[in-house]
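So the structure is just underneath, and the comments pick up after that.
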Amino acid sequence: MLDLENIIVIGVSHENLSLLERENFMRTRPKYIIERLYTEKKINAYINLSTCLRTEFYIELNSNIKAKEIKNLFSVDMIVKSRVEAIEYLFKVGCGFYSVIKGEDQILAQVKGAYAEALENEHSSKFLNIIFNKSIELGKKFRTKSMIAHNALSLEAISLKFIKSKFPNIEDKNIFILGIGELAQDILTLLTKEQLKNIYIANRTYHKAEQIKKEFDIVNIVDYREKYPKMIEADVIISATSAPHIVVEYDKFVAQMKENKDYLFIDLAVPRDVDERLANFKNIEIYNLDDIWEVYHLNSMNRDKLLEDYSYLIDEQMEKLIKTLNYYK
């Protein structure tokens, strides 16, 4: 039986925890904790939506554990929603209500990715399948009708704006990218359109860097173990790795850096890749995800109006979902 009583969402995001708090939370290995509950059959199913701004678990409960008990497994302030409220929350997440850039497309792709991963690893359920399919369907419809994503700024586009504010003429600048995940590749796509001649990438797994080289012939591969000599020659260092620790270490960078050269770091990792003490140097600037959130939150008023005007689509989708669930009773 598909019972709304069994649906909860639990997690953290940039809206309820700071970057530092989210970093500490990720070090507790939350996915392992939820996976253990699933393995022990204390929950029926789960889907993990994990991005640079949020880590959330959409869970179908059973009689073996309560939402409060799951929350108590974690030591941080968690988002906990249940029943209709949990589903409405997912719908709004998929539509971009809680994104840094309201209505941006990337979150919908991430919802799709989370759902696909759950299907592949066989820890979803019929109930969660219905809910996530409805969310993805709504996300597409919402953007089409509201046109909220028209000329939308993505994280990578925002990063480029920060770079251009520091270096208006970036064509002759050296760009060094650490990590080649999805976000780093999106940034690389934008940078290649700027007629840059000097782009370097370093990744812990070398063959993955070689694959990127095939797609972006303009890039130069740097051995990850030899990253510092090339990094200190760069004007802009973009770091977006998935490492659980500092990647750009204070002592190693300071020992080799040029004091008469300006450096701009764009740190898009959670936990952060760049030792924040480097910002104490006058010739070094560091922007991280919280900086992006702070700056662009001020420019979201127009998008907020669109969210309000088209929120009726969420109500309509919820009605359709209830009808679907009633059909299976």
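In case you wondered, yes, glycine gets a Cβ from its N, Cα and C as well.
What Swiss-Prot says about this one:
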type	residues	note
ACT_SITE	C52	active site, nucleophile
BINDING	T51, C52, L53, R54, S99, E104, D105, Q106, Q110	substrate binding site
BINDING	G179, I180, G181, E182, L183, A184	NADP(+) binding site
Request  = Consider the binding-site residues G179, I180, G181, L183, A184 and say which one has the Cα lying nearest the Cα of D105 (substrate binding site).
outcome  = L183
Cβ-Cβ distance under 8 Å to L183 (NADP(+) binding site), same chain, at least six residues away = C52, L155, E156, A240, L268
Inquiry  = Let me make sure I understand the span of the substrate site: among T51, C52, L53, R54, S99, E104, D105, Q106, Q110, what is the greatest distance between any two Cα atoms, in Å?
reply    = 16
Inquiry  = Check the DSSP secondary structure of G179 (NADP(+) binding site), expressed as helix, strand or coil.
reply    = coil
Remark   = With neighbours defined as other CB atoms within 10 A, the best-packed of the binding-site residues D105, E182 is D105
Ask   = For the binding-site residues T51, S99, which Cβ has the most other Cβ atoms within 10 Å, all shown protein chains included?
value = S99
Request  = Please report how many Å separate the Cα atom of S99 (substrate binding site) from that of E182 (NADP(+) binding site), as a whole number.
outcome  = 17
Task = Enumerate the residues of the same chain, T51, C52, L53, R54, S99, E104, D105, Q106, Q110 excluded, that satisfy the criterion Cβ within 8 A of the mean position of the Cβ atoms of the recorded substrate site; list them in sequence order.
result = V100, I107, L155
Message = Can you tell me how many other Cβ atoms are located within 10 Å of the Cβ belonging to A184 (NADP(+) binding site)?
response = 22
Note = Within 8 Å of the Cβ centroid of G179, I180, G181, E182, L183, A184, the other same-chain residues by Cβ around the recorded NADP(+) site are Q185, D186, I187, A240, T241
Inquiry  = In the three-state scheme derived from DSSP, which category covers A184 (NADP(+) binding site)?
reply    = helix
Key: Which listed residue (G179, G181) has most other Cβ within 10 Å, given these are binding-site residues   = G179
Ask   = Can you name the residues of this chain that are 6 or more positions from I180 (NADP(+) binding site) yet have a C-beta less than 8 Å from its C-beta?
value = L188, I201, N203, K208, A209, I212
Query = Within 10 Å of the Cβ of C52 (active site, nucleophile), how many other Cβ atoms can be counted across all chains shown?
reply = 21
